[in-house]
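Notes follow once the structure below has been shown.
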């Protein structure tokens, strides 16, 4: 009684404080004014509402519609009458009641839940099909909705958008598998339909449904507690830990989380995500329900809670709901109550548009033409369904309430807030424990108060460590070495592959317990054991091959691989004749010769005039030869020549030292050649090849490379190959490249890698098909590779061998001119500068002598010109043609004339010089 008295006081006090402002600025409701026709004042529009009074949603919808009816009556002259019918959660009863209301002309509009237009079309008379029927039920595929009744109007939620919001959360936390939980609402949204939508949304984010559980409707369960416990027990024994409650009533979810809490499924490692069906009620659930839902994440439809119309509605709703349903705690209106409230106002707006010409068809068309702002958002329709572009709050249940992590919409994705539409970025933490990209959703409180992101799966419900198989044949001990201590009865497993796996696990964002188990079969059999679930994974020097993908899934390769051949070496005598020419490139030889001759010429030009030892050109050439060997005995007298010679002698010293070093290296290493050049030679000569008898190579050589089976011999380890070579059992050994490199680094001399390398997929780790762990391990491998941790482990492995590195790839390249170009440039510049200085000095000292010589030459050429002119003149006077002395030696006249002219020329010349 005291509680009812409290609600009575609230009933009196609250309206007095709130009601005066109810008609002012009241959204768009004031648009519904009275019609001028007085006949409309007495007209009553009957509305039939078929809802489920046993559920919280139905109770909220009832109160919300009653509040809307009163406000419409108060703010307009229309009289709307509500006639409620209880469906008891039975869709057949709901359809039957709705059809009776329409057929008997008892109402002008039908509103209800669990109404299906496809089923109603067979139950409603042809004359009653003009009655508008408004469905408040959610639908997962509105685009697939069959509009069989002309005025069947869908205003429920579009579940496909809710599923996209859930898929976006799954994507951000990198969960690859989920479990879907669904309660049949006995409506027209089938289980397969909503699962198909969810599966499609998850595929877009590289995730999938691992398991799914469909519960019957809560009202149809005879033993709901037993049913839920049985299904949860089965889910707990499975590996997946990400649960999506994609459709559920509040009553069912309350019992579901209560049992999940009791069974330890709300502890660390579990993830629970809910849709708007439950999330919209988080404001109204009591503390006991919140206690069972700690850490749950939900997608909650966002609406403007700070608006004045909503605040007024909330106060009225709180008061009336508390009075009518005192057993319910926290009478906060959900999105479903707001939608029911807006539907009544949509009918009121439609009546206003009819302008007194009332008809069922006209009323239905006016409802569909609505476009006004309601409490739940914009109310407008297209193709008989509500147009939705919702924004969801991503919420996290903490304590007695929840915190808002972010907003999400199908257009913008995640948002920090709605005011500036700042899109949230994905960041990567440098910490190895949180190295995966996560959206900044704020600090998430996961179940069990876990602060790190749950991995979303376990390999066993008992929490046992992973059972990982490793190859135990010690094929290549540097990669995997299994040693069993008989005294202590302990098995020690070491090697580079084991070290790589341990380093990779350190980069996972969660703890991964595991145990190594030796396996003494072949590598193919080891992979098959993963397929047969004998092992949870296989780790070692496992070659990634196409045919092994039938049985397992592989991680990203942690080391490159291929097929290579090892053979004995022999001296390459054919290459030794001109070996010394291979120390330098052709360009280097040419450049060195040109520079040497240039420097020698410069020294000869500078010092040759004063130094009799190198004055002759042949002496200069011999000097240049001696210069190469520092054996020149000719003294250099000019300081300028010494300045040219000194840097060149240093350059010769550097070049000869480099020549000697490179030639020595070529003589000791590079002149070795394989006894068998390639695999084709082995096939042609029927050579015997050795391989590891537990590897895939037996089948590969026969089927792919066409080797004869009798020409293949198997060995237990690569350490057996040297004995087989020495005993001439094999002519070559074939193995994967990482093993070949280890072999050549262990046996430093006498062997070489021959022929081309056949590329393979690399070495990796094997996991069961569709394993979530393989994806995480692959990312961690990439992290280890990028941080050069894998390379460091490989270097440490090679450092333990006899040579420290493989000599199979040692090559002595010819030295080019590039390393010496700077030294040659300095020597050339000094020589050129000295040449210019000497030339300028020489010209200055002999300028006068050369000027006299030039003047005499020019005068001599001038007298010759005079002689030619006189001869031409004499020829003209005698009238004879000019005859040369060579053609007519007997011509005395010509000879006398020429003698006279020559004598004149000599005389003039003598007089000039005297």
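Backbone N, Cα and C atoms are what each Cβ position is placed from, and that goes for glycine too.
Note that the coordinates shown come from a computational prediction; the quantities given were computed from them, not determined experimentally.
Annotation source TrEMBL lists signal peptide at 1-24.
According to TrEMBL, the domain 'Ionotropic glutamate receptor C-terminal' annotation covers 467-800.
What TrEMBL records for 588-606 (among others) is transmembrane segment.
The feature transmembrane segment is assigned by TrEMBL to 643-661 (among others).
TrEMBL lists 748-803 with the feature disulfide bond. In the structure as shown, the Cβ atom of residue 748 (disulfide bond) sits within 10 Å of 14 other Cβ atoms. For the recorded site, residue 748 (disulfide bond), the DSSP three-state label reads coil.
What TrEMBL lists as transmembrane segment is 820-843 (among others).
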Worksheet item: What does DSSP assign residue 803 (disulfide bond), in three states?
Response: coil
Discussion item. Counting only residues 6+ away in sequence within the same chain, which have a CB under 8 Å from the CB of residue 803 (disulfide bond)?
Written reply: 744, 745, 746, 748
Fill in: Reported mean pLDDT - the domain 'Ionotropic glutamate receptor C-terminal' (467-800)
84
